Structures are given as structure tokens and as C-alpha cells.
């Protein structure tokens with residue numbers, strides 16, 4: 001029905017190209033495509049580039065409305081952002097589309113002002129989010145959800161997260177030293193698994209064992225902790241309430257590590273010292289511990305708005321990423337259901353966050369990677385050093401093949417394109433639009449076989465660059481024409497709107513594209 005409605009609009013000539021006179025008095029379309037809704041987004045309809053027509057959808061009925069330039073300017077800024085954000089469903093998720101470091105934290109921080117609960121569903125301290133408050137103060141978070149800066153938001157660390165308590169408390173102390181109150185606003189799942197220092201030590205031993213085939217782990221102990229969970233000798237947050245059996249479970253972890261790695265040595269004194277720490281940790285963590293599955297689902301039933309913050313990104317997903325150069329959890333949409341206990345039919349909007357180019361920390365295939373001076377320039381322009389590790393990130397052009405793959409898996413309803421400003425000043429920009437084998441065969445989909453992925457030749461589409469500094473731009477129609485063409489070409493190739501466009505690190509450096 002939505003398609004028929006759109007066709008009816010088009011047949012009436014409402015999407016016709018404007019005359020030269022109309023161009024002077026009318027605004028360039030805020031978006032070169034219109035989105036129609038009937039409960040969910042069903043259709044992405046291209047419209048002309050220079051028309052002065054906006055489309056509104058109510059159910060499956062569409063209405064065309066001329067948009068005058070002055071009216072667009074009057075509606076720019078906060079009112080336009082409010083309209084875009086208020087349209088989000090009750091349960092909304094923000095997920096990474098690449099290899100992490102896309103800038104998810106910033107969008108979550110902005111959206112959190114409009115949601116009652118912000119929840120993390122997977123990963124651990126290997127996921128780093130850098131956000132800024134209204135004063136411009138920088139916060140690097142690893143376990144605490146990004147919504148913590150919004151004082152009316154409750155933050156949830158779900159059952160799918162692995163928690164290193166020393167690091168968790170350090171984040172809390174840092175937040176409170178800067179005036180951020182976490183009391184009653186930060187909840188930790190009683191089902192979440194605890195990550196111990198021994199997991200971090202084992203992580204390093206495992207990497208050393210692999211020698212030349214290192215995965216490039218952050219050495220934060222994430223993989224070993226999830227391994228403990230999988231073989232069912234992990235220790236959960238709820239175990240802190242049973243200290244009489246805690247020591248025995250801790251002993252098992254140490255014995256298993258020593259049996260697996262000859263270089264892992266420990267003494268009973270070391271285990272005793274660790275036990276003493278966790279007796280204190282148990283007391284401090286107790287006020288934060290709740291059954292988050294019950295809490296989140298009760299909040300949904302009460303009509304509260306839930307925002308889910310994914311850590312890392314789909315190209316690092318243990319099932320769908322470039323295995324084995326991946327993380328140990330599911331940073332894709334499935335991880336929301338298993339990591340929070342939220343049913344699939346409860347999920348509404350799912351926003352995928354993608355850089356206007358790509359970056360990756362650590363080892364693994366990376367088809368569009370730039371080497372030498374080109375890669376160095378992009379790294380410097382984007383300040384591409386890992387939030388968690390401090391390691392320089394590998395940088396390259398936007399990979400449309402990989403992006404289409406993750407869009408299919410996650411069912412994104414919109415894209416947040418970040419760091420568009422980093423590409424300013426380049427004479428040309430490229431999009432990796434297809435993979436070919438050395439024999440010239442074009443691949444239909446993103447390959448699972450790394451031996452194929454490592455040999456693919458990328459087919460690029462070259463677009464004109466732009467010289468202008470766009471960090472002060474807050475309206476889409478004020479972007480340089482070349483920047484708009486770049487955004488719109490991405491939309492055409494992935495079949496989704498780039499509804500949010502980042503043009504700088506600050507909270508306000510965001511264009512909401514209607």
C-alpha cells in the first residue's frame with residue numbers, strides 16, 4: 001500500500017523537477033529520498049535532486065508539501081532534531097557496522113536525553129566510547145553505558161556483558177569526581193559474568209602462543225572470560241552474594257588456567273589476596289545489582305523508552321565477522337536479545353553507525369585499507385588511535401560490500417554516518433562498491449573464507465571531494481554539493497537513509513537529515 005501511495009504521488013507530477021524560478025525560492029531537498037512508514041519503514045523512494053518537495057507519511061498515506069527555503073531555515077536546528085528523534089520507536093538500538101570505533105557513543109549520548117533507560121548488552125572493557133558533556137569535558141567509557149551523562153537516564157549493564165570490577169569502579173570514581181551521580185542510576189545484571197585479572201593474564205599468554213598468527217586482542221581478558229562462561233566454570237555477579245562458595249570457584253579458575261598454560265603460575269597467597277579484594281568488591285557492588293531481565297522488560301511494559309547501546313561492531317561479531325579476527329560476543333542485533341533478555345518482537349528502530357571511511361585496530365583482513373602516506377593522512381585527520389588500546393588504527397575507504405552485508409544481518413532502519421568532516425580537503429573520495437577474485441569473478445556477497453577475502457580486488461567508485469570545512473554545518477542543505485553527493489551515493493548503494501551525519505566530535509556537531 002505504501003508503494004501504491006508513493007506511485008500515486010509521483011503520477012500526479014508532484015516529484016517533477018523544479019523550474020529555475022522554483023529553485024531560487026525553494027529549498028533543495030533535505031534528502032534525495034523519502035521514507036514511508038506503515039508501522040515499520042517499508043519503502044525508500046528516490047526523488048529528484050533539485051525539487052522543492054517534501055514527503056510526509058502517516059500510516060500508508062503520503063502527502064506532498066512544498067518546502068520553501070525560509071521555512072526550512074526556520075525549522076532547522078533543535079525543532080528539526082526533535083521531530084527526527086521523537087519518531088523513534090519505544091525500543092531503539094544503536095549498533096556498529098564496521099570494526100568498532102565508529103562513534104556510537106556520541107549518538108547514544110544525544111539520544112539518551114529522549115530515553116528512560118540506556119542498556120549495554122554485550123562485550124566488556126574492550127569496547128571504548130568517547131563522549132563529551134556540555135562543558136566539552138571528555139569521558140572515555142568502557143563498561144558504563146554512554147547515557148550516564150544524562151541525569152534522568154537509568155543505565156543498565158546487561159547479562160551479556162563481562163565485567164572487570166576494578167575497571168568498573170575506576171570509571172564510576174572518575175565520573176563522580178566530575179560531578180556525575182551514578183547512585184540509583186547504574187544497574188548491573190546479577191547474571192553478568194565477572195572478568196578477573198587472571199583472564200587478562202591468560203589473554204596475553206594466548207596471544208604469545210599464537211606468535212605470528214596473533215588475533216590482535218586488546219588483552220583485556222574478554223575472550224578468556226567468555227571461554228570460562230562457555231565451559232561453565234565462570235563466576236557471575238550473583239556469586240558475590242555467596243562468598244562461602246566463592247573461594248572454591250575462584251580456585252577452579254586458577255587451576256584451569258595453570259593446566260592450560262605452562263607459563264601461568266600462581267600461589268595460594270595470590271588467590272587469598274584476590275579473594276580479599278572481592279569480599280570488598282561484593283559490598284561495594286551490592287547496591288548496583290538487580291535482575292536486569294526483569295527490570296528492562298518491566299520498563300517496556302510500563303511504556304518507558306529503552307535505548308540499547310552495542311559495543312564494538314558487526315564486522316567483529318564472533319559469527320558474522322572476519323573470524324578468527326573477531327571479538328568473543330555478538331555485537332549484532334542477535335546479541336541484544338541474548339544479552340538483555342529482550343524478545344525480538346520488542347525491537348523497534350535499529351540505527352547502524354558507520355564512519356564515512358573505515359578503520360580497524362589489530363589484525364585481520366581489511367579489503368579497502370590504505371597504506372603509506374594516504375593511510376597516514378587519514379589517520380591523522382581522524383585522530384585514529386584506539387580508545388581502549390591507544391594503538392594506531394588502520395584506515396581505508398568506505399567498504400560498501402561489507403556495509404551491505406551488515407545491513408542485511410541487522411535490519412537497520414537508518415544509518416548514522418560519522419566523521420564526514422575528516423574527508424574534507426581530499427581532492428577525491430572513493431567507495432569500495434564490489435569485490436572481485438583474482439580471476440575477475442565478481443563476488444555476490446561478503447565471503448566467510450578468509451583466503452578469498454585476503455585476495456579480493458576492490459572495485460572503487462571515485463567521487464569528487466570537497467575543500468570546505470564542514471565542522472560548523474548543522475543543516476544538510478548547507479553541506480557542499482560534493483559532500484551531499486557522497487552521502488546520497490552511499491544511500492543509493494545500501495538502500496537506507498543516512499539520517500544522522502556527524503561533522504565533528506562535539507555533541508552539537510550532528511546533522512539530522514529529514
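Each position is counted from 1, following the chain as shown.
A Cβ is built for glycine as well, from the same backbone N, Cα and C atoms used for every other residue.
The annotation transit peptide is assigned in Swiss-Prot to 1-56 on the grounds of sequence analysis.
There are 24 other Cβ atoms within 10 Å of the Cβ belonging to residue 129 (active site, proton donor). Per Swiss-Prot, the feature GTP binding site maps to 100-106, 128-130, 393, 419-421, 502-504.
Annotated active site, proton acceptor per Swiss-Prot: 101, in sequence order. The number of other Cβ atoms within 10 Å of the Cβ belonging to residue 101 (active site, proton acceptor), over all protein chains shown, comes to 29.
Annotated Mg(2+) binding site per Swiss-Prot: 101, 128, in sequence order. DSSP assigns residue 128 (Mg(2+) binding site) to coil in the three-state reduction, outside any helix or strand. Every protein chain considered, the tally of other Cβ atoms within 10 Å of the Cβ of residue 128 (Mg(2+) binding site) stands at 21.
Under the heading IMP binding site, Swiss-Prot lists 101, 102, 103, 104, 126, 127, 128, 129, 218, 232, 312, 327, 391.
Here Swiss-Prot flags 129 as active site, proton donor.
Per Swiss-Prot, the feature substrate binding site maps to 387, 388, 389, 390, 391, 392, 393. Counting every protein chain shown, the Cβ of residue 390 (substrate binding site) has 9 other Cβ atoms within 10 Å.
In this structure, the binding-site residues 126, 130, 312 were compared by how many other Cβ atoms lie within 10 Å of their Cβ, and the smallest count belongs to 130.
Spacing of residue 392 (substrate binding site) relative to residue 106 (GTP binding site) is 21 Å (Cα to Cα, whole number). Other Cβ atoms within 10 Å of the Cβ of residue 503 (GTP binding site), summed over all protein chains shown, number 25. With the fewest other C-beta atoms within 10 Å around its C-beta, 392 stands out among the binding-site residues 100, 103, 392.
Cβ contacts within 10 Å of residue 391 (IMP binding site), excluding its own Cβ and spanning all protein chains shown: 13.
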